[in-house]
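Asks: First, the structure itself, so that you have it in front of you.
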Amino acid sequence: MTKQKLILAYSGGLDTSVAIKWLSKDYDVVALCMDVGEGKDLSVIKEKALLVGAIESIVLDVKDEFANDFVLPALQYGAHYEGAYPLISALSRPLIAEKLVEVAHAQGATAVAHGCTGKGNDQVRFEVSVAALDPSLEVIAPVREWKWSREEEIAYAKENNVPIPINLNSPYSIDMNLWGRSNECGVLENPWTEPPQDAYALTVAPEDAPDQAEEVIIGFEAGVPVSINGTAYPLAKLITELNIIAGAHGVGRIDHVENRLVGIKSREVYECPGATVLLKAHAALETITLTKDVAHFKPILSKQYAETIYNGLFHAPLTKGLKAFLTATQQDVTGEVRVKLYKGNATVTGRQSAVSLYDEKLATYTKEDAFDHEAAKGFIKLHGLAISTHASVHRQEGVKK
């Protein structure tokens with residue numbers, strides 16, 4: 001009997017390697033591995049999938065698509081879940097789901113699978129995205145279904161000749177892409193315990209960072225970062241370069257206890273050196289290029305966008321509407337921002353734009369002052385008219401009583 005095809009989102013780790021063997025009982029498994037900037041040797045991962053039992057192993061380089069279509073809107077919104085988490089893993093999941101569906105269609109597969117556990121956010125993100133893109137596809141979650149302990153999973157791997165990763169004894173659960181690195185589990189599960197240095201990989205300890213500050217100038221065109229110190233880069237490459245530059249100064253460490261979608265609190269340690277610099281630089285440029293009403297309203301939608309992405313609703317109609325508003329706000333976000341990097345800090349020290357709304361002649365207190373001071377009197381009277389009327393009415397009522 002011919003087996004039906006299944007496309008598995010494959011990482012090369014123990015869970016998805018065991019999943020290939022487990023799923024192969026009922027399906028012809030096609031392993032799909034995507035490069036979103038995690039820095040792995042994907043050729044090794046491709047061969048490992050075939051060794052374990054996949055009938056085909058596909059590797060896709062999606063770094064540019066990830067940067068331009070998923071990271072960029074989050075950057076332009078200044079999106080942070082609960083004001084802290086810059087959506088590192090949450091941004092890559094809808095793209096991975098899109099590619100799962102695309103390959104499933106190309107291969108004539110009837111099902112897709114992922115390696116998420118039953119208590120994380122990613123299972124929701126994958127499955128809701130697949131349902132939005134093609135609800136006819138079956139989604140299988142082997143790790144959630146088999147309910148093995150780690151010891152039982154290792155025993156199964158050994159019995160079925162599945163290679164055991166050399167980093168299996170690491171206490172951490174790590175996910176990484178262009179936008180940063182997420183780390184949880186092990187000693188990090190105690191929110192009182194300070195993260196040890198081995199919990200970090202992209203950043204040096206701030207106290208060990210250089211004693212000499214470094215300044216970088218980020219160039220933007222219509223809200224898109226396009227250059228570092230005058231050198232132009234595609235967005236994915238620009239983020240990668242900034243990860244190296246800012247990481248060397250200990251910039252971008254975040255220690256956060258967040259409220260997961262599934263109802264639990266989770267302590268996470270994030271590293272996002274490039275993201276930290278870009279988010280600060282972009283926000284600084286908007287202070288001189290957005291009008292007051294847009295600048296005050298945009299953070300409301302930024303919070304909504306962050307929660308929408310975090311909750312796995314990238315492919316929901318709301319996201320399309322939020323992006324439409326965002327596009328309208330970015331046309332004038334063009335200019336340069338200077339950022340100083342020093343011992344864990346990224347400090348904006350200057351911003352300039354050819355379309356800046358900051359008028360020094362209106363702002364100055366020198367003799368160059370062009371502000372119409374006489375106009376202030378009438379403005380104040382009208383601005384306070386409602387409150388002064390209210391006060392007058394209630395003062396009269398008090399007299400009557």
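Using N, Cα and C of the backbone, Cβ positions are placed for all residues, glycine too.
According to Swiss-Prot, the protein carries these features:
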type: BINDING; residues: A9, Y10, S11, G12, G13, L14, D15, T16, S17, G115; note: ATP binding site
type: BINDING; residues: Y85, N121, R125, S173, S182, E258, Y270; note: L-citrulline binding site
type: BINDING; residues: T117, N121, D122; note: L-aspartate binding site
Asks: Determine which residues of this chain, when A9, Y10, S11, G12, G13, L14, D15, T16, S17, G115 are set aside, have a Cβ within 8 Å of the centroid of the ATP site's Cβ atoms, and list them as they appear in the sequence.
Replies: V18, A19
Asks: Between the Cα atoms of S173 (L-citrulline binding site) and G13 (ATP binding site), what distance do you get, rounded to the nearest Å?
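Replies: One finds 11 Å between the Cα atoms of these residues.
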Asks: Give the sequence-ordered set of same-chain residues, not counting T117, N121, D122, with Cβ within 8 Å of the centre of the Cβ atoms defining the L-aspartate site.
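Replies: Not counting the recorded site residues, we get C116, K119, G120, Q123, V124, R125, V262.
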Asks: What Cα-Cα separation, expressed in whole Å, is found between Y270 (L-citrulline binding site) and S11 (ATP binding site)?
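Replies: Distance (Cα to Cα, whole Å): 20 Å.
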Asks: Give me the count of other Cβ atoms within 10 A of the Cβ belonging to Y270 (L-citrulline binding site).
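Replies: So the number of other Cβ atoms within 10 Å of Y270 (L-citrulline binding site) is 25.
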Asks: Hey, how far is A9 (ATP binding site) from R125 (L-citrulline binding site), Cα to Cα, in Å?
Replies: 13
Asks: Give me the long-range Cβ neighbours of D15 (ATP binding site): same chain, 6+ apart, Cβ under 8 Å, in sequence order.
Replies: G115, P142, V143, E153
Asks: Counting only residues 6+ away in sequence within the same chain, which have a CB under 8 Å from the CB of S182 (L-citrulline binding site)?
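Replies: Non-local contacts for S182 (L-citrulline binding site): I88, S89, I174, D175, M176, E268, V269, Y270.
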Asks: Taking the Cβ of S173 (L-citrulline binding site) as the centre, count every other Cβ atom within 10 Å, in any protein chain shown.
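Replies: Cβ-Cβ neighbours of S173 (L-citrulline binding site) within 10 Å number 15.
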Asks: Quick check: in three-state DSSP terms, what is E258 (L-citrulline binding site)?
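Replies: It is in a strand.
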Asks: Determine the C-alpha span of the ATP site listed in the record, that is the greatest distance between any two of A9, Y10, S11, G12, G13, L14, D15, T16, S17, G115, in Å to the nearest whole number.
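Replies: So the binding residues stretch over 13 Å, Cα to Cα.
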Asks: What is the Cβ neighbour count of T117 (L-aspartate binding site) at a 10 Å cut-off, with all protein chains included?
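Replies: For T117 (L-aspartate binding site), the count of other Cβ atoms within 10 Å is 12.
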Asks: May I ask for the distance between S17 (ATP binding site) and T117 (L-aspartate binding site), taken between their Cα atoms and rounded to an integer number of Å?
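Replies: Between the alpha carbons of S17 (ATP binding site) and T117 (L-aspartate binding site) there are 14 Å.
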